[in-house]
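A.B. asks: I have a structure here, written as structure tokens, and I will follow up with some questions on it.
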Amino acid sequence: MNNRKRSFIVLAISFFLFSFFMSLMLNINHWENKLKESYFLTVELKGNVNEERANILENKLLKENEVRGVRYMTKDESFRNLQRELGIVIPKSDNALPNSLIIYFNNTNDIDKIQNFLEPEDSIKEIFVDSDFITMVESRIEVLKAINYIVLGITGAIGIMIYFAFKGFVDGEFYRLTLLNPNSNRNHIRAQNVNVLPFTGASLVGTLVFLNLYSFLREIILNYVPRLYLLTGNELLSTTFLILIGYNLFIWFTPMVLNRREK
């Protein structure tokens, strides 16, 4: 196998691995954002508050920057949820639960601001914050962040390795051409021109092979773990190719090409 074919295969495999860790990083970011979207607190409404008054309060809340969303929950829905959690059937006549609002917020720093906003409202009976749930979500987010830092480091390391691998192939080709026949003007001309098209081709091949394999394996994984959310191949495509284009532009205009011309 000649040097060019070997370099193409090595670069394609490297970009396959680069795409793998990049997709892992994007999925972890997505899971982290999904967890942040799960923050909520419950506002119990007084018995005389109908849905119309609840909607007025809901619209006021939605104007606050800290509030990401609001959902009105009837006492019947709350009652059904309670029965489901307890695993028992309770007569509907025993339903003493109030109507309520579920308020979704952006981060834990928003809790006090939302509570201060709600305090003057006379339609509110009580505000509940599930501290255990919030603590659990925060701990999971911290774990995901730690994993993402590790994955980011690996992705960056592979990116650097790709650069130096290509530089090694470029330098090797240069010395091969100049040392093989030092009196050949044709070889010297060839040696002074860097062909980066194989690099671009290898990056496309490695990335496309990974994305196709990712889409195939994603379907298999979701069949076994349907509740796991994995980004689709199309969702990865735009970010992956933006990074790929940026990397290729860097290689096309990298100083190592200029350095080679100066040798």
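Positions of Cβ are set from backbone N, Cα and C atoms, glycine also.
Features from TrEMBL:
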- 7-28: transmembrane segment (TRANSMEM)
- 42-126: domain 'FtsX extracellular' (DOMAIN)
- 146-166: transmembrane segment (TRANSMEM)
- 196-216: transmembrane segment (TRANSMEM)
- 236-258: transmembrane segment (TRANSMEM)
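Show me how these features fit into the shown structure, please.
C.D. replies: Remote same-chain residues near the transmembrane segment (7-28) are listed as 144, 147-148, 151-152, 154-155, 158-159, 161-162, 165-166, 169, 198-199, 201-203, 205-207, 209-211, 214, 230-231, 236, 239-240, 243-244 (criterion: CB distance under 8 Å, separation of at least six residues from the stretch ends).
If you look at the transmembrane segment (146-166), the same-chain residues 6 or more away from its ends with a CB under 8 A from one of its CBs are 7, 10-11, 14-15, 17-18, 21-22, 24-25, 28-29, 32, 199, 247, 251, 254.
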A.B. asks: By Cβ distance under 8 Å, which residues at least 6 away from the ends of the transmembrane segment (196-216) in the same chain are close to it?
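C.D. replies: Same-chain contacts beyond the flanks: 4, 7-9, 11-16, 18-20, 23, 166, 232-233, 236-237, 240-241, 244, 247-248, 251-252, 257.
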A.B. asks: Please give the average pLDDT for the domain 'FtsX extracellular' (42-126) in this predicted model.
C.D. replies: 79
